[in-house]
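Note sheet for the following structure.
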Amino acid sequence: MKKSLAEQMQQSTEKRRKRQWAVMITFAVLMIAFIFLSMNTGFSKLAPAEVLNTLFGKGTSRQNLILFEFRLPRIVISMLVGAGLAVSGCILQGVSRNALADPGILGITSGSGLIVVLYLSFYSSTAKAPTLLLPFLALAGGLMVAAIIYVLSYSKKDGLNPNRMVLTGIAVTAAVNGLMIVLMLRLNPNKYDMVASWLAGSIWGSTWKQVLTLLPWVLLLIVFAFLKSRKLDALSLDENIASSLGVNLNRERLYLLLIAVGLAAACVAFTGGIGFVGLIAPHLARRLVGPGHRMLLPASALGGALLLLMADTLGRLVFPATEIHAGIMVAIIGAPYFLYLLSKSKM
Amino acid sequence: MKLNNSVSKDHNSSKLKIHARPVRAFLTLTIGLIAVILFMGISIAVGAADIQLSTVYESLVNFNPDVTQHTIIHELRIPRSIADVLIGAAFAVAGAVMQGMTRNPLADSGLLGINSGAIFMIAVALAFFPEMSYNGTMIFAFVGAFIATALVYGTSSLGKARVTPIRLVLAGAAVSALLTALSQGIAIHFRLSQDLAYWVAGGVAGIKMPQVLSILPWISFALIAAMLVSRSITLISLGDEVASGLGQKTGLIKIIGGIIVLVLAGAAVSVAGPIGFVGLVVPHLVRYIVGVDYRYIIPCSAVVGSLLMLLADIGARMINPPYETPISALFALVGVPFFLYISRKSGRGL
């Protein structure tokens, strides 16, 4: 008895859908586990029972302080930033049709970073600096770099060349880093330490006020990205196919790029130079749920949130006294993965 | 084996048009050397304490340890300007050798991750062997440079795709990110950020004579070795088939060239930090002037690299006195537009 083609297709779609849900649920379970682990770890230890007690309102004031004022906001920030960077990377990879694109490689992160460093150097401490402004400033920096890269890698003859985009990104990053060093040397030692640690990608913005600043940005932009997932599917196909599907290429590409830059910039404003999340999370997600952006975007967001939470937790778990920054942990995981992808790519 | 269409075409056509230009090379060398000596004098004179050129001359022919200016000149300024010359030559020749051997117009010890490899091992040395001598630190830097090179070439030649310049640059960026993250991790864990920052910012401020003397033999030998294999590098730059057809042992030459690059870049980074783009810009400039023969490119690169480094170091002290602008930042600002120009010119082949 032979099944019809339609039946077979339906079956494989069902199979894929089941798989996609399985992936999402696994991510969610892992996330909860790591949230719990993250609440336990840090300079002052909280045992699992203590965490539970505190969560249900029976903690001492010290336990309350540690959990609600330090650990939880930090956990939320790392998850938001991880999700934001991952979705940003996912969009950039789709739009540029370049598997190796990511806000860090393209220099958007360092563009935002430059403005943030400028801004921080005007205020004597981060506490006094009005945090609400940070994402906007970072956005300006990110947009500036994105515009430079777009102009420099666009040519009339062959449009937006993905390879050239990456090379331009690397070069612009080098130039921005040069400027940054010049700026940093004018800072006094205290600020220098703060900025240096910011650049290495630490989750420093971890008060509820900062969470509330970041939250709307990330949520709104991720929802926007999700609404554009069909357009992103079309754009990540061949250019000719996309335009024959009736997508206004240039306009959609611009919208999506704006979303990607906005996400990356807002995240960078709170955590500094965290690279590779935007690269790894979409790749892992694509391998697990397939190339359709309707599932790929949320899976990337979950994967990214999980990744950064893991990195931040492991950094505290392995070296509790010094707290290896999340950015460093992510690079240690991410760079080898990037090299692996590079060795498999055909560019 | 076609490594890169547009680039090899570029090489061939420029070879047909230009050949080599011995007269121009000779002029570049002579004028360059005179300029280097002149700017060494200026470099010794310029700084936080301004010194007359006549005093510089006097301190050289008639040194008087009781005159403060004479001691400044001997203790600080002279080692610094010799270091400029050595380091500029080292980075430039390392870039030239790499560009010739890999036929990669974007090769540079900074872009390919070699500098950050050296920094990584220096961080290891600082953390675990804080009492290490200059020579020991330098050997560590060589090892780091080797690790980075092995990683970059290994990963970009794995897989089926050919080794293109863009693959190398990407692998370089990733390896740099990894090794920089590891160095940062070590620096933060062992509270060495300040000590390491000195290297990372890049520059020759505060260099002392013992440091200069410890890199001098390494860089000199590597430069001489580069000259000795320069003819073979020219042949390799025309393509492996051409080279082996003409009886070159390409494998052996590439190993020797690799060692030369590691020693040059490692020694230079161990005293001056990761100064990028010198190795990228200088060989291109020199190739434009003297043609494609590496027997001319290598010595001219050494001279032009020294000159550029002296100029940049003087600039670093003059832009914002009494502070010193990091040289690596200056070079990035000059080198980046140049990099963009090359990557655009080489076009689709990348």
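Counting begins at 1 with the first residue displayed.
Each residue, glycine too, has its Cβ placed from N, Cα and C.
All TrEMBL annotations are machine predictions without curation.
Pulled from TrEMBL:
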- B:25-49: transmembrane segment (TRANSMEM)
- B:81-98: transmembrane segment (TRANSMEM)
- B:110-130: transmembrane segment (TRANSMEM)
- B:136-156: transmembrane segment (TRANSMEM)
- B:168-192: transmembrane segment (TRANSMEM)
- B:251-282: transmembrane segment (TRANSMEM)
- B:294-311: transmembrane segment (TRANSMEM)
- B:323-342: transmembrane segment (TRANSMEM)
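Counted over residue pairs 6 or more apart, the CB atoms of the transmembrane segment (B:294-311) and the transmembrane segment (B:81-98) come under 8 Å in at least three pairs, which marks the two as touching. As a quick check, the transmembrane segment (B:168-192) and the transmembrane segment (B:110-130) clear the bar of 3 or more Cβ pairs under 8 A, pairs 6 or more apart, so the two touch. Of the candidate ranges B:25-49, B:81-98, B:136-156, B:251-282, B:136-156 contributes the most Cβ pairs within a distance under 8 Å of the transmembrane segment (B:110-130). Here the transmembrane segment (B:136-156) has long-range neighbours at 109, 112-122, 124-125, 129, 163, 167-168, 170-172, 174-176, 178-179, 214-215, 218, 258, 261-263, 265-267, 269-270, meaning same-chain residues at least 6 beyond its ends whose C-beta is under 8 angstroms from one of its own. If you look at the transmembrane segment (B:251-282), the same-chain residues 6 or more away from its ends with a CB under 8 A from one of its CBs are 83, 86-88, 90-98, 100-101, 106-111, 114-116, 118-119, 122, 134, 137-138, 140-142, 144-146, 149, 198-204, 207, 211-212, 215, 218-219, 221-223, 225-226, 229, 232-233, 236, 243, 301, 304-305, 308-309, 327-328, 331-332, 334-336, 338-339, 342.
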